[in-house]
């Protein structure tokens with residue numbers, strides 16, 4: 001369906017599709033490799049004996065059956081998706097894959113049977129989930145997911161697009177120290193202050209543009225938007241919304257979290273049967289490079305109309321503009 005008529009301020013100049021995994025780093029689509037976004041390695045997951053880990057840690061049951069997921073964590077990259085996945089996996093009625101299957105963007109030709117096989121076994125009444133943050137920006141994903149099951153529940157963790165872009169760049173920088181500076185990549189023309197919206201780090205944060213694509217296939221009532229900021233300041237509050245949305249009892253509450261001062265974000269407390277608290281891996285909470293304040297100012301101005309559009313589309317104010325004026 002052509003959505004050019006509905007794009008409005010998103011503008012034709014932003015319409016070039018973002019290829020899956022596009023950006024400065026070319027990624028192999030292999031499912032076996034932990035992808036960029038994943039922080040918890042499979043080894044860590046197995047050690048923790050966490051449900052859904054490949055190699056089936058100690059708590060994975062041999063009974064039940066593999067089902068296609070009823071809920072998907074579709075985005076956004078560097079928004080807090082790993083933290084949300086780990087928290088919801090603490091719920092006994094949720095089973096989730098530890099690695100990102102990338103089915104609806106990179107592995108679609110492998111077919112639904114392959115996808116089902118990647119899933120953990122579940123019992124009746126349990127929800128099967130997976131997370132692949134690049135789905136949100138993949139043009140074909142909404143149609144493909146809709147054709148699997150039109151009642152699929154979708155969860156999107158969103159975060160201030162400026163900090164999200166810097167976090168995205170920081171992650172790439174840690175893997176490729178030779179890349180140009182953030183300032184160089186962010187502009188088409190620095191003198192004129194023209195932002196390069198084709199750079200994936202910036203493009204992903206134009207949430208209104210991507211959401212338009214999803215709303216052609218799914219009603220707003222089937223999409224939950226979680227605040228990446230509140231996931232840090234009030235993890236239990238955000239998790240209450242997630243559990244309600246999934247139709248689950250509120251089992252993951254305050255008592256599941258403690259604040260880790262070193263990392264600067266909440267961690268999951270240790271479950272009774274495991275020997276250590278679950279904190280996100282070393283790749284999370286990296287120190288961001290110092291970015292020229294003028295560049296940040298220009299980026300805020302660039303994102304503002306899109307943020308406002310996104311607030312109107314979702315009926316939620318994420319207060320990213322307010323946040324800026326507080327600083």
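Residue numbers in this text run from 1 along the chain shown.
Each Cβ is built from the backbone N, Cα and C atoms, and glycine gets one as well.
TrEMBL entries are annotated by machine, without manual review.
TrEMBL has this to say about the protein:
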- 78, 79, 80, 81, 82, 159, 167, 284, 285, 286, 287, 288: 3'-phosphoadenylyl sulfate binding site (BINDING)
- 267-279: disulfide bond (DISULFID)
- 69-304: domain 'Sulfotransferase' (DOMAIN)
- 1-66: region 'Disordered' (REGION)
Legend entry - Spatial separation of residue 279 (disulfide bond) from residue 287 (3'-phosphoadenylyl sulfate binding site) - C-alpha basis, Å: 17
Inset, instruction - Would you mind listing, in sequence order, the residues at least six apart from residue 167 (3'-phosphoadenylyl sulfate binding site) in the same chain with a Cβ closer than 8 Å to its Cβ? - result: 78, 159, 286, 288
Legend entry - Rounded inter-Cα distance in Å - residue 80 (3'-phosphoadenylyl sulfate binding site), residue 279 (disulfide bond): 13
Legend entry - Winner by Cβ contact number (other Cβ atoms within 10 Å) across the binding-site residues 78, 82: 78
Legend entry - residue 279 (disulfide bond) and residue 82 (3'-phosphoadenylyl sulfate binding site), Cα-Cα, nearest whole angstrom: 11
Inset, instruction - Please work out the mean pLDDT for the residues of the domain 'Sulfotransferase' (69-304). - result: 93
Legend entry - Cβ-Cβ neighbours of residue 279 (disulfide bond) (radius 10 Å): 20
Inset, instruction - Using all protein chains in view, find how many other C-beta atoms are within 10 Å of the C-beta of residue 267 (disulfide bond). - result: 20
Inset, instruction - Please determine which of the binding-site residues listed here (80, 287) has the lowest count of neighbouring CB atoms within 10 Å. - result: 287
